[in-house]
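K.L.:
One structure coming up, written as structure tokens, with questions to follow.
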Amino acid sequence: MPRTPKNQNLEQNTQTQSLTDLVYPESTGIPVPEYLGTVDKLPDNTEEVPQPKRRGRKPNPKTKARKEPALEQNVQAETEPEFQEKKQPVDGIAAAEKRLAEQYGVANIDAIAEPIYTGEQNYKPAESTEENAFVSENTSEAVIPQNGDMAQAQAENQGEVATDQNADPNAQQQGEAQAQNGEGQDDRRFNNQNGKFNKFNKNNKFNKNNRNNRNFQQQEEFVDDSATLPAPGSEAILKAKENWLKFRKLSMSELQELAVQKEVDFRRMRKQSLNYILQSLENEGNIIYTEGVLEVTPQGHGFLRMPDQNYQTSADDVYVSQNLIRKFNLKIGDTIEGLVRTPRDQDKYFSMRRIDRVNFEEPDKMRRRVAFEYLTPIHPEEKIHLEWNETEYSTRIMDLFSPIGKGQRSIILAPPRTGKTVLLQNVTRAIAKNHPEIILITLLIDERPEEVTEMRDIITDIKEKAAEKGIEIKAEVVASTFDEPPEHHTRVANMVLEKAKRLVESQKDVVILLDSITRFARANNVVIPHSGKILSGGVDANAMQFPKKFFGAARKIQDKIRTVKNEDGTISEEVQKNGSLTIIGTALIETGSRMDEVIFEEFKGTGNMELVLDRRIAEKRIWPAIDVFKSGTRKEERLLTLLEQNAAWNFRRGSQNETETGIMENLLKLMSKLKTNAELLAVLSKPKV
């Protein structure tokens, strides 16, 4: 409330002011008889109370008038000379009240007048009775209240405060809010939820808030509108998935040609955004289908990273709200399929509209899954057959002398230029042909770009040939070439590892082909904060933790046996197949680098299968350059039959006196005559005399 000027005296007694107002028709509207007359104003004997001096800058009267205009107007009205002349002395009030009560035939003036109140009391309107009905009908102005009750009285005059049942119960609260802010003027601190006046998310003049790490303004939360969308698995969804796969294979120039045909402005559009826009025009109901791997941010929301972009961040990534993440118990690395919503007015990204599948299963199953760390690892027991072509001798040799099982932790020790890349390509073809149920991920770190393109062409060719036979192959290539920073190498490896873990939690068999562990460890040595403890070769003491974590994640999960009660009342046991994670990684040796030797020594005893490539065999242009004597698998009796074990043992015993080159030449000659390993086993199982 503004300060009262010193040259204007206000009435200090609030009760006296209220009683005086009852007599005048200007304040209450009650007709006053002529014989009452008027009372002369007594001299003002109130003393002026000195106001304390205010330090600092003087307040701007215009600013205060804007904040509390109603209060300022009432104060000015009270301080006017005309208003001061209307004041009645205290002595003439009693006689006036008595004559007024006799005129209306009541015992007390309180029966016809509203109760007297002060600014410190809570205002309560008088009850509606027959005696004061005349007063309420002819009343035009309310009694001027004091301080905060002014807004309440104004609300009453406007009909906001009523005594009937149809009155607004929140009118009093609204009046109080108006009194605080000045005629209902909204406080700007409560208007902007994301602006600089927000109490819990204050931003500076650059609209940044580095203190609380809330620079990213989350998009509008998920709204369940699945009732208006086609059901999962319907023809519309299947067609949308086909269009997504079709547009995904097209290049940017081909997508732009389609955009021109459909009259779409593709300027400033990236490939993924243009893909979504063309999908919405092609699909029924303008629905958009997508698939990606979830990455959860520290703020709680997430984004879908695309394998085509090697799981790197992009402006076209799909936004996943916190509600969806909490609803389905989603984690980083989950493979999500569903429908996408186009950006709204203030949205920056495409957002997830509905989740249809998670890790190729129903989303509700993810709520009951067991974390990867709590699964029980065992030795591999199910063999992965690598024999797929009679002319590919490398996989036939591996299938017999160094078998690989589901959950194997395999390491290929290869000097430079010994054919490790070709060997991985043949293993990829063998797994895709013999085990289409396995999810295959090829991870290339610090490799040459042309090798990445070659591997992707191989995967595409495998998928197309399998699709012609009606078989769906789940395989992909994720790469980070040598011209990218080390941070990209570690990020890609982490996303692939988390994706594989989530698939294993969903009882899936996953195989990761890693090329190579050595380059992966080099990149991690550059990225991590140095501990100050340097090993030989310049390797930090903590540099091998993440590569070991990656390589050590390979395991076979123990199957779960549970009892099931049949319909006839008998109890039987049911075996629930769990998943497995197989990692086949390559390690560089004989490179002349001390760091590579240290990395090799760290991983030497961690794998349970080793395949050694010999440089001397490769120099003589003999492929594959496999050292049969140094290669082998731990617990191979769990993977090989007794016939296969005897055949491998007889061949090794009969070739002890020969060189590595001679052993490989003899084995290749024998395989060229025999088309399958079954025929080879029949020959090798016979002991030499």
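Heads up, the Cβ atoms here are built off N, Cα and C, so glycines get one too.
Annotation comment: Swiss-Prot describes Gly405, Lys406, Gly407, Gln408, Arg409, Ser410, Arg417, Thr418, Gly419, Lys420, Thr421, Val422, Arg448 as ATP binding site, evidence class sequence analysis. The feature compositional bias 'Polar residues' is assigned by Swiss-Prot to 1-20. What Swiss-Prot records for 52-65 is compositional bias 'Basic residues'. Residues or ranges marked as compositional bias 'Low complexity' by Swiss-Prot: 170-183, 191-213. Summarising the annotation, Swiss-Prot assigns domain 'Rho RNA-BD' to 287-362. Annotation comment: Swiss-Prot describes 1-90, 151-213 as region 'Disordered'.
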K.L.:
According to DSSP, does Arg409 (ATP binding site) fall in a helix, a strand, or coil?
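P.N.:
Looking at the DSSP assignment, Arg409 (ATP binding site) belongs to a strand.
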K.L.:
Do you know the DSSP helix, strand and coil residue counts for the domain 'Rho RNA-BD' (287-362)?
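P.N.:
When I sort the residues of the domain 'Rho RNA-BD' (287-362) into the three classes, I find 9 helix, 32 strand, 35 coil.
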K.L.:
If I take every residue in the domain 'Rho RNA-BD' (287-362) and average their pLDDT values, what number comes out?
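P.N.:
Mean model confidence (pLDDT) across the domain 'Rho RNA-BD' (287-362) is 89.
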K.L.:
Here are the binding-site residues: Gly405, Gly407. Which has the lowest count of other Cβ atoms within 10 Å?
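P.N.:
So among Gly405, Gly407, the binding-site residues given, the one with the fewest Cβ atoms within 10 Å is Gly405.
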K.L.:
Quick one: give me the count of other CB atoms within 10 A of the CB of Gly419 (ATP binding site).
P.N.:
18
K.L.:
Using other CB atoms within 10 angstroms as the count, which residue among the binding-site residues Arg409, Arg417, Thr421 scores least?
P.N.:
Arg417
K.L.:
Can you see whether DSSP assigns Thr421 (ATP binding site) to helix, strand or coil?
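P.N.:
The residue in question, Thr421 (ATP binding site), is helix (DSSP, three-state).
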K.L.:
Please report the number of other Cβ atoms within 10 Å of the Cβ of Arg448 (ATP binding site).
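P.N.:
Counting Cβ neighbours of Arg448 (ATP binding site) within 10 Å gives 14.
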